[in-house]
Amino acid sequence: MLYNKYVKYPKVKLDNREWPDKQIEKAPIWCSVDLRDGNQALPKPMNVDEKIKMFKMLVDIGFKEIEIGFPSASETEYEFTRKLIEDKLIPEDVTIQVLTQAREHLVKKTFEALKGVKTAIVHVYNSTSELQRRVVFKKDKDEVKSLAIKGAQMVKKYSEYTEYSESKFVFEYSPESFTGTELDYALEVCEAVLNVWKPSKENKAIINLPSTVEMATPNIYADQIEWFCKKLLNRESVILSLHTHNDRGTCTASSELGILAGADRVEGTLFGNGERTGNLDIMNMALNMYSQGVDPELEFSNLNDIVEAYEECTKMVVHERHPYAGKLVFTAFSGSHQDAIRKGLKSLKEGKNKHWEVPYLAVDPHDLGREYEEIIRINSQSGKGGTAYIMESDFGFILPKAMHPEFGKVIKKKSDELDCELSPEQIFKFFKEEYLENRSPYYLKNYKIHSIQNIEEEKNTVDIEAVISVNGKDTSIEGVGNGPVDAFFNAMNNKKYNGCKFISYDEHALNIGSHSKAVAYVQIESQDKKYFGVGISDNIDTASINAIVSALNRSKLK
C-alpha cells in the first residue's frame with residue numbers, strides 16, 4: 001500500500017493540557033441534526049410526513065434543540081419549516097435550528113421561512129480550511145474571513161427587522177472543516193464573527209467547531225478544543241459546540257474528549273446517520289454517559305421502538321452490532337460469556353450487588369426496553385452455561401450443575417450438524433428427544449408401590465412391582481428399597497437390566513401454564529461413564545422412576 005502519499009496530522013502545541021484529568025459529570029446541550037445533516041445523506045431524503053414523525057420522536061426523546069433543515073435549499077425544506085410553525089408543532093421548551101450559507105438571497109429565504117417562530121437558532125457557515133481555500137474557492141485568508149463577517153452581518157440585519165420582533169434568535173457560526181483549518185486562523189475568523197454579533201452572558205452566541213472530515217486521533221481534537229477555549233476572548237458569552245464526523249471511526253471518542261476539553265454543546269444524529277461514514281451517534285454517547293452513572297437527559301428506555309421508527313423514516317438499517325441498539329448487542333455466543341452472564345444475573349437477582357454488575361453487559365437491557373431472553377444465543381461455540389440458562393429461563397428446568405457439560409455437548413453436536421444457531425425452541429426439542437422421549441430399550445408401562453413397616457427394626461421400606469417394556473416385550477420386575485427410587489433401581493438390578501451405580505438425585509416443581517408438575521434428575525455410572533436421565537410427571541414417584549429409565553436408556557446408547 002502507498003502509505004507515503006499521506007502526511008501525518010500535526011500535533012497541537014498546548015502547554016499544561018487539562019482535559020486528560022477530567023471526567024464527564026453532566027450532559028452537554030444536545031442538538032439533533034437528523035433532519036438536516038442526517039437527511040441530506042439519505043439516498044432518498046425524507047418527505048414532509050416522515051420529517052414530522054422524526055421531529056416528534058426527537059421531541060419525545062428529550063431534545064431541546066433540533067436542526068430541522070436548510071429552508072432555502074428546497075421547497076420541501078421550506079414547507080416543512082412552515083408547517084412546524086403554522087401548525088404549532090414546536091413545544092414551548094424546544095428550539096428549532098436552521099442552516100444557511102452566507103449569501104444574501106439564502107439568508108433572506110431562511111428568515112422568511114421562520115416568520116412566526118417563537119425561538120430559533122440561525123446557523124451560518126462557510127468553509128475555512130487551507131485545502132478548500134486553495135483548491136475549491138481559490139481565495140486567501142482575508143477573503144474567506146470577509147465571507148464569514150458578511151454572513152454574520154446578514155443574519156443580524158434580518159433578525160432586527162420589525163416583522164421578526166416577536167421572535168428570539170440565537171446565532172450560530174461554524175468554520176466548516178475546522179479540523180483542516182489552522183487553529184490561529186479559525187480563532188481569528190470566529191472572533192471576527194463574534195465581534196459582529198456582540199454576544200453577552202445573557203444572550204450567548206454558538207461557535208460550532210466541526211470535524212467535517214475526521215483527520216486525526218481524538219486526543220488531537222481535544223487539544224484543539226482546549227486550545228480554542230483558552231484563547232477565545234469573551235468565552236463566557238459563547239456556547240462552544242462540537243460536530244464530529246466518523247471518517248476514522250472515532251467520532252464518539254472525539255466528542256467525549258471534546259467535552260472534557262471544555263465544550264458545552266454537541267451536535268449529532270441518531271445511530272450516526274450522516275455523510276460518508278456518518279455523524280456522531282448521540283444515542284451512543286448519551287448511553288455511554290448513562291452507563292457511568294451520569295444522567296444524559298435523553299430518554300432511550302424504548303430503544304427498540306426508536307430503532308423501528310428511525311428505520312421506517314430513513315429507510316436505513318441499524319447494524320446488528322450497533323452499540324446499545326443492535327439486535328445482537330445483548331447476546332452471547334461464547335460459552336464462557338454465557339456462563340458468566342448467567343451467574344451475574346443470578347447474583348443480581350439475589351440482591352448481592354448494589355449497582356448493575358453483570359459480566360459482558362455494560363448496561364441493564366431492561367433499561368433500554370430490551371429483554372433478558374435476547375441475551376443468550378446458542379451455537380456450536382456456546383457452552384454449558386448458555387444451554388442451562390435457556391432451559392431454566394425459558395422452560396423452567398433447573399438442570400443440576402453436573403448435568404450442564406453433558407447437555408452442552410448434546411447441543412453443540414446438534415448445532416454442528418445443522419451448522420446454525422439454535423433457537424430456545426430447538427434446544428428444548430433436542431432436550432426432549434435426548435432425555436424424555438427415548439423409549440429404547442426400556443419403557444415403564446405401570447407400577448405399584450407398597451409401604452413396608454418393620455416395627456421391631458423401626459425401619460420403613462418400599463416394595464415396588466412394575467411392568468416395563470424391554471425391546472418391545474413386557475416384563476414384570478420387583479424390588480425393595482428405602483424409597484421408590486431405590487426400590488425401582490434394585491428391581492432393575494434383580495433382572496440384570498441395570499448393572500449401574502447410582503450417583504445422584506435431584507427434583508423440583510415445574511410450572512407449565514396453570515399446572516404444576518414434578519421433574520426429577522437421576523445420574524448413574526456405567527462402565528466408568530456417567531449419564532443423566534430426566535423424568536417429568538404430575539406424580540413425583542413417576543417422574544423419579546422415569547428419570548432412572550431415561551438414564552439407563554442413555555447409557556445403552558453410548
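In case you wondered, yes, glycine gets a Cβ from its N, Cα and C as well.
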For this session: Let me know which member of N4, N16, N219, N279 Swiss-Prot also records as binding Mg(2+) at the site of D37, H243, H245.
Result: N279
For this session: Would you mind splitting the region 'Regulatory domain' (438-558) into helix, strand and coil residue counts from DSSP?
Result: 29 helix, 67 strand, 25 coil
Exercise. Out of these binding-site residues, H243, H245, which one has the fewest other C-beta atoms within 10 Å of its own C-beta?
Worked result: H245
Exercise. Within 8 Å of the Cβ centroid of the Mg(2+) site residues D37, H243, H245, N279, which other residues of the same chain have their Cβ?
Worked result: V33, P210, T212, T244, C251, E267, G268, T269, G274, E275, G278, L280
Exercise. On the 0 to 100 scale, where does the mean pLDDT of the region 'Regulatory domain' (438-558) fall?
Worked result: 90
Exercise. Looking only at D37, N279, which of these binding-site residues has the biggest number of Cβ atoms within 10 Å around its Cβ?
Worked result: N279
